[in-house]
Every structure is written in structure tokens, then in C-alpha cells.
Amino acid sequence: MTTFDFSDIEAFLDCHPHLFEEYLVRKAKCDQVSRWLKEHQPSKVSTAEEKRGAARDPLWPTNPDGLQRRSSHMELRRNFARSKATTTHRTYDEHVHLSEHESQSSMRRRALLRKASSLPPTTAHILSALLESRVNVPQYASSAIDYKYRLKESNEREFFLELVKDISNELDLTNLSYKILINVCILVDADRCSLFLVEGPAHKRTLVSKFFDVHSGTTVRPSSSTLDSSEVQVPWGKGIIGYVAEHGETVNIANAYEDHRFSDEIDKLTGYKTQSILCLAICNSDGEVIGVVQAINKNPMGTPFTEDDEKVLQMYLPFCGISISNAKLFSESRKEYERSRALLEVVNDLFEEQTDLEKIVRKIMQRALTLLHCERCSVLLLEDIDSPVVKFSKTFELMSPLCNMDRDISMEKLSCSDWLINNSIAELVASTGLPVNISDVCQDPRFDAEAFVIFCGLGINNTMMYNQVKKTWAKQSVALDMLSYHATCSKVEVDRLKAAKIPLSSELGIDEFHFNDFSLDNDAMITASLRMFLELGVVQKFKIDYEVLCRWLLTVRKNYRTVAYHNWRHAFNVSQCMFVMITTASFQDVLSEVEILALMVGCLCHDLDHRGTNNAFQAKTGSALALLYGTSATLEHHHFNHAVMILQSEGHNVFANLCSKEYSNMMQLLKQAILSTDLTLHFECRTKFFDCVLSGEFSWKDEGHREVLRSMLMTACDLGAVTRPWKISKQVAELVTSEFFEQGDRERSELKLTPAAIFDRNRKDELPALQLEWIDRICKPLYQLTGGPSLIYTV
């Protein structure tokens with residue numbers, strides 16, 4: 001094995017300074033940088049200055065163990081106030097001449113710029129320390145490429161989850177883009193991949209790639225300087241990349257040279273032979289295209305990409321879209337933070353210097369150069385603000401150090417006559433008070449080549465950006481949780497159910513209210529569910545494919561968790577109760593077939609992915625569900641969205657043959673049905689329903705009345721276990737109590753709270769009285785009204 005000594009490494013770094021710079025930025029520690037600054041600071045320091053420095057309180061206090069730690073906010077504020085007291089009405093004299101031995105170096109230019117600051121020019125600025133961000137960007141290393149390939153061969157599900165987790169916590173857009181490319185190469189066995197992100201406003205969008213033609217076997221991410229120099233831009237709508245971005249379609253080409261959209265310029269430059277291409281769009285949560293990924297030459301030997309490759313990328317890219325949106329939101333929030341920080345420093349400067357006009361104008365212009373990254377800044381002062389004639393008494397101008405390298409940085413004070421022919425834009429701003437922002441000044445008739453004026457407004461929206469980042473993170477967290485736990489049913493299960501004989505409802509006993517669901521196992525409940533849909537006639541009416549219905553039922557069952565009560569058995573019980581009410585209480589005569597299908601689907605889906613805890617527990621723990629959906633009907637919104645996710649999965653849409661209008665109406669009815677199972681919403685419309693029915697004002701022609709009744713029917717079925725025979729009802733009550741006690745135990749152990757009586761196993765002797773009160777006050781009046789003569793008469 002080849003060995004290297006220090007001189008070899010030092011010589012290599014001397015020849016490649018950019019690599020050393022990249023390593024320093026990524027790996028250097030604060031104490032190393034501080035030691036370098038200390039060793040390279042000017043050696044001649046006066047004794048008096050050393051004494052003053054020794055007497056001054058340290059900004060960063062040192063612990064007995066020698067480690068420096070960040071000061072507290074109180075200490076920082078105290079030091080800040082002390083510095084303000086010693087520098088009040090004190091500024092640096094601009095006319096002090098430097099010693100002759102000091103050269104016209106960048107250090108001198110920085111010192112001159114620092115003269116405008118009224119705070120002491122220390123290496124650790126006190127105000128900056130007060131405004132220091134407490135947010136650190138998390139960085140997670142990717143698994144080795146060889147490990148991913150092995151995982152792909154051994155366990156596809158774990159492999160896919162590994163790729164999703166690889167990008168889920170990455171907030172740096174550059175690192176995220178590189179990870180996405182490597183993962184796409186592995187997913188479809190591509191030889192090379194490119195990622196283009198959409199930039200620019202809607203009317204002038206461009207596709208930009210900093211990672212172009214990345215080889216699948218690479219293990220070293222290109223440096224920042226290399227990325228900036230190798231950036232590739234593609235116009236919107238041009239070529240294969242632009243076509244995919246514009247239309248959002250998937251492009252799979254077996255022979256690139258036979259497609260008129262393909263350009264062989266890159267092949268000519270690199271000598272690489274492009275054969276097969278697979279190109280897909282990356283969309284955000286709103287369906288907008290935010291990027292395009294392109295895979296080239298499927299291994300081995302550039303064979304064409306398959307339909308399976310398209311499907312697997314279509315599954316993976318939505319997670320990429322979420323991660324890219326997160327990274328962009330985080331980047332924007334960091335930019336807004338830096339702007340806010342700069343504005344606070346501007347306010348400090350302006351309120352501290354109030355004695356010298358030229359000095360305060362200099363501060364304004366220096367901050368403007370920094371904030372706006374401009375080359376030149378000018379300030380014009382009106383002679384008379386009340387005069388209808390715009391006339392400037394003084395004008396000031398400052399050039400950026402980058403544009404003024406050959407001379408001292410100085411503020412020029414021009415006479416008014418110098419601006420007589422160059423101030424048309426300034427006069428417009430002064431007379432109207434409106435900002436002027438010109439993208440191409442040479443094309444603007446008001447602009448003269450000798451005058452360049454910038455007037456820009458800066459806004460602060462950190463809170464809004466942070467909330468968006470939190471909500472997107474919560475959405476991704478919930479999606480990952482669901483993905484790791486749930487899966488769709490297998491083809492074997494579907495085929496077995498399709499071939500099974502479905503007993504009659506009378507044989508199953510599901511046509512009676514006193515039905516005992518404990519007589520059926522999980523598979524029997526699936527066949528019973530099929531029988532209910534068949535007997536209601538919705539399968540024939542809406543042309544539901546029988547295989548799709550079987551697959552949907554099996555997947556719905558699989559998406560219920562194994563909790564004590566809110567599981568698949570409870571969902572089946574609710575749907576059986578709805579089935580009996582519809583078929584035996586004349587509701588089938590007044591409810592439309594669309595309403596019946598929505599209610600049955602809603603019953604089966606109303607508790608999907610229930611975690612065995614209620615909405616209040618989600619709010620108390622601040623769970624991802626509460627962050628995503630809020631504290632109103634948290635779980636019910638999640639159940640509905642989960643139901644929609646299953647319906648949107650391939651081969652699961654039981655509403656596929658509905659027309660557009662029927663489909664929209666069906667989804668609205670389904671949402672109402674599932675959300676109505678939230679008892680908080682039930683109590684809000686309960687009084688209205690009771691008053692409407694008892695007063696005889698209920699009308700089936702009133703859509704509002706029908707909606708309230710559907711909500712009451714959903715609640716009646718959800719609580720239907722109390723109407724069963726005592727033996728069955730007692731068994732169900734024990735399951736409910738078990739689940740409630742588990743939540744109470746978690747509240748006591750995790751939240752250090754005393755749970756309510758119904759959740760507290762230490763107060764289980766109070767449960768019978770609580771159950772009777774619940775039945776008498778909530779359940780009994782509801783069943784008396786829905787099954788009583790008042791409502792039957794209206795039917």
C-alpha cells in the first residue's frame with residue numbers, strides 16, 4: 001500500500017488550493033480558526049491596548065476546564081449595554097491618516113469600512129452574537145452505495161425505505177440533489193443521471209443543473225467551485241428536459257438519436273454515446289413541476305428502460321419533491337433571517353449616530369451595498385420637501401470595494417449641478433414616493449448611463465416561512481410513518497378473494513341489528529363486506545370492477561393498526577350497522593345511491609390508521625398529525641386523507657367509473673361522512689338536528705337537512721356497539737376500556753398528567769356510572785329520534 005508523508009500532502013494542497021478551501025469550510029473547528037487568526041494578527045500591539053484588552057470582560061467566558069462556551073442572553077445584553085454606554089456619541093474620525101508602512105491592502109479597505117460602525121471593531125461583534133441563529137442544519141451521511149445495491153437485491157421494501165430516509169432529513173439543496181441522483185441511478189440501474197431544478201419567475205422559467213451527467217459509480221461529490229463552473233441551463237420547453245418540464249409527461253426513449261428533441265452536443269464534447277433515456281418530472285404538493293430527473297443508458301450496455309423503471313421512479317420522485325420543497329423553504333427562511341439580522345443592525349447604526357449627517361449617510365449606503373449586493377449607491381437630499389419643484393441640495397455616492405480596487409473607498413459629495421441632467425429617475429421617486437426597480441436600465445428612457453439608483457423595499461416574513469417549513473416537515477413525517485407501517489395487499493390475496501364463494505347475508509347474520517361480529521374472523525368479515533356492497537346494488541349501479549373492489553377491501557383492512565378497539569373489526573361493525581339501517585329502516589327509499597355508497601365507504605374508512613389515542617392526546621403531545629392537521633378533528637382529517645391515498649393507489653379506485661361531476665360529489669360526501677365521526681362536530685350539529693326533526697321542519701329536499709342526517713347516521717353507527725345484546729356489548733366495552741386505559745397510562749408516564757376518569761385505570765370503579773350516563777345522555781336520545789315516528793313519518 002502506498003504511503004504518504006506530510007510534505008507530499010502539503011505539496012498536493014499547494015497545487016490544489018480549492019480542495020483545501022473546501023475541506024476547511026466543511027471540517028475546520030472554531031478553535032482552529034481562532035488559533036489561526038491569533039497567530040496571523042498584527043504583531044505590534046501597544047502595551048496600553050494589551051492592558052485594556054486584559055481588563056475588558058471577555059465576550060465568551062471560559063470555563064475551568066478551558067473550553068469556551070456561548071454566553072447567555074442576559075450576559076450578552078449586559079455586555080451590549082456596557083459597550084453602548086462607552087460609545088454613546090462616539091464615532092471614528094474619518095480623517096485620521098494611517099501609518100506610511102500600511103499598504104493599500106484589503107485589510108486597510110476593511111478597516112476603512114469599519115470606521116462607519118459605532119460599535120467597537122472586535123472580532124466577536126456583540127450585536128451579531130445577540131442575533132446569532134440558534135438553528136443548525138442537520139447533516140446525515142448516506143449509506144454506502146454497495147450497501148444499497150445489496151439491500152436492493154435482498155429486500156426491495158427496506159431498500160426503498162432506505163432511499164426515502166436518505167433524503168427525508170436533508171435540508172441542504174446541493175447535498176440533496178446529489179443524493180437524489182445517486183439513488184435514481186441505483187433504482188433504475190442507469191449509467192449516468194442529471195437533475196435539473198426550475199428557477200426564475202413563471203413567465204421566464206429556466207431549468208438549471210449543477211449535477212450534470214453524474215456517473216452511477218461516483219462516491220465523491222464535486223466541490224462548490226466545480227459546481228459553479230459546470231452549471232448547465234436549459235430553456236423552458238426546449239429539448240427533452242424542457243419538454244418534460246413543460247408538459248409534466250414521462251419520456252422513455254430507447255434510441256436517443258432517433259428523437260428530434262435530442263441534442264448530441266454533449267456527446268460530441270465528451271465522446272460519450274447516449275442510447276436510452278428516461279426522463280420524469282418532479283412535482284411539489286401543488287402538482288407544479290419543480291424539477292426534472294434524467295437517467296441515461298440503462299446498464300448493461302445502454303439497454304432501454306422498462307415500464308417497471310418508470311413506475312419505481314414515479315413512486316420515489318414524490319418524496320424527492322417533498323424534500324426539495326423543504327430544502328427550498330429552509331433556504332428561503334435562512335435568507336430572510338439574514339435580511340432581518342441585517343435590518344436590525346441597520347436600525348442600531350441609524351439610532352446610534354445622530355450627530356453627523358455625512359457619517360449617517362455613509363452608514364446607510366454601506367448597508368445598502370451589503371444588503372443589495374450592488375456596485376454603486378447614491379443618496380440625494382431634497383432642498384425643500386414642501387416645494388412642488390424637485391430640487392436636490394446634496395448628493396452622496398459610494399462605490400463597492402470590488403468595483404473600486406484601485407483607489408481609496410471614499411464618499412463623494414457631488415454638487416447639485418452635476419445631477420441636473422442625470423436625476424430624472426430620482427425626481428420621479430421624490431415626486432411620487434413610489435419605488436422604481438428596473439431590470440434593464442439601458443432599455444429604460446428615464447435612465448442615463450451616468451446615474452444608477454436603487455430603491456428597494458425589504459420585508460420580514462420569517463414566522464410565515466418557518467410555519468411552512470414545520471408543516472411540510474410534519475407532512476413528510478406522517479407520510480414516512482405511514483409508508484413504513486402500511487402496505488397494499490398482495491395479488492395472491494386478491495385472487496383468493498375473487499375466487500371465494502360469498503355467502504348470503506342471512507347466512508352470515510349481517511342483516512340483523514343483534515349481529516355478533518365475534519362470530520366472524522378477519523377473512524369472513526371481508527366476504528361479508530363484499531356481500532353488503534353486492535346487496536345494496538352499488539357494484540352494478542356504479543360499474544365497480546369486482547377485482548378492484550376486492551383489492552380495495554383487503555388494502556383497507558391492512559391499513560388498520562392492531563390496536564385494542566379502533567381496528568378493522570370496529571370498522572366492519574360500523575359498516576354492518578349502516579347496512580342494516582339502510583335496508584330495514586326505509587332509508588334505502590330516500591337516500592340516493594351515491595349517498596349510500598359514500599356512507600358505506602365512509603364507515604369502512606372512518607378510522608383508518610387509528611393509533612389508539614384520541615384527538616386530545618395528539619394535541620397534548622404535539623404529534624406530527626397535530627402539526628399537520630391542527631387541533632380540530634385531527635384524526636378524522638387524517639382518516640379521510642388516508643382513504644384518499646388508498647383510492648389513488650393503482651388498482652384501488654372503486655369510484656373510477658364515475659363521471660367527473662359524480663366523482664366530485666362522491667368525494668365531498670365521503671369527506672363529510674368521515675369528518676362527522678368527530679364527536680366535537682357531532683355535538684355542534686346535534687341540537688340543530690333534534691330541533692329540526694321534533695318541530696316537523698325536516699325536509700328531504702333540503703340538502704342541509706340531508707347532510708345533518710347523514711352525519712347523525714354515521715355517529716349512530718359509530719356508537720352502535722351499545723345497541724347489541726348485553727353479552728356482545730360487554731365484550732366491546734372491555735375492548736374500549738382497554739384502549740382508553742393504555743392512553744391514560746401514556747398520559748401519566750410520558751406527559752406527567754393525571755388522566756380523566758374514563759382513561760384512568762386507577763378509577764375503574766367509576767366506569768359503570770360513566771357508561772350509563774354516556775348511554776342515557778348521548779346514545780339513547782339519538783337512537784330514539786332516528787328510529788322514532790318523527791323521522792319515520794317524514795320518510
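From the backbone N, Cα and C atoms, a Cβ is placed for every residue, glycine too.
A TrEMBL annotation is a machine prediction, not a hand-curated record.
According to TrEMBL, the feature region 'Disordered' maps to 39-68.
Positions annotated as compositional bias 'Basic and acidic residues' by TrEMBL: 39-55.
Annotation comment: TrEMBL describes 490-795 as domain 'PDEase'.
DSSP assigns Q771 (AMP binding site) to a helix. Within the same chain, residues at least 6 positions away in sequence whose Cβ sits under 8 Å from that of Q771 (AMP binding site) are A733. Marked as AMP binding site by TrEMBL: H566, N567, W568, R569, H570, D607, D718, Q771.
A coil conformation is recorded for H566 (AMP binding site) in the three-state DSSP classification, outside any helix or strand. The feature active site, proton donor is assigned by TrEMBL to H566.
Long-range Cβ contacts of D718 (AMP binding site) within its own chain (separation 6+, distance under 8 Å): V574, H606, T677. For H570, H606, D607, D718, the entry in TrEMBL reads Zn(2+) 1 binding site.
Residues annotated as Zn(2+) 2 binding site in TrEMBL: D607. Neighbour list (D607 (AMP binding site), Cβ cut-off 8 Å, at least 6 residues apart, same chain): Y560, H566, N567, H570, A571, L635, H639, T677.
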**Request:** Drop a 10 Å sphere on every Cβ of the binding-site residues H566, R569, H570, H606 and tell me which sphere holds the fewest other Cβ atoms.
**Result:** R569
**Prompt:** Counting only residues 6+ apart in the same chain, whose Cβ is under 8 Å from the Cβ of W568 (AMP binding site)?
**Reply:** N522, M525, V556, R557, Y560
**Item:** For AMP, whose listed binding residues are H566, N567, W568, R569, H570, D607, D718, Q771, the greatest C-alpha pairwise distance in Å
**Value:** 23
**Message:** Helix, strand or coil for H606 (Zn(2+) 1 binding site)? Use DSSP.
**Reply:** coil
**Request:** Other than H570, H606, D607, D718, which residues of the same chain sit close to Zn(2+) 1? List them in sequence order, counting a residue when its Cβ is within 8 Å of the Cβ centroid of the site.
**Result:** H566, A571, V574, C603, H610, T677
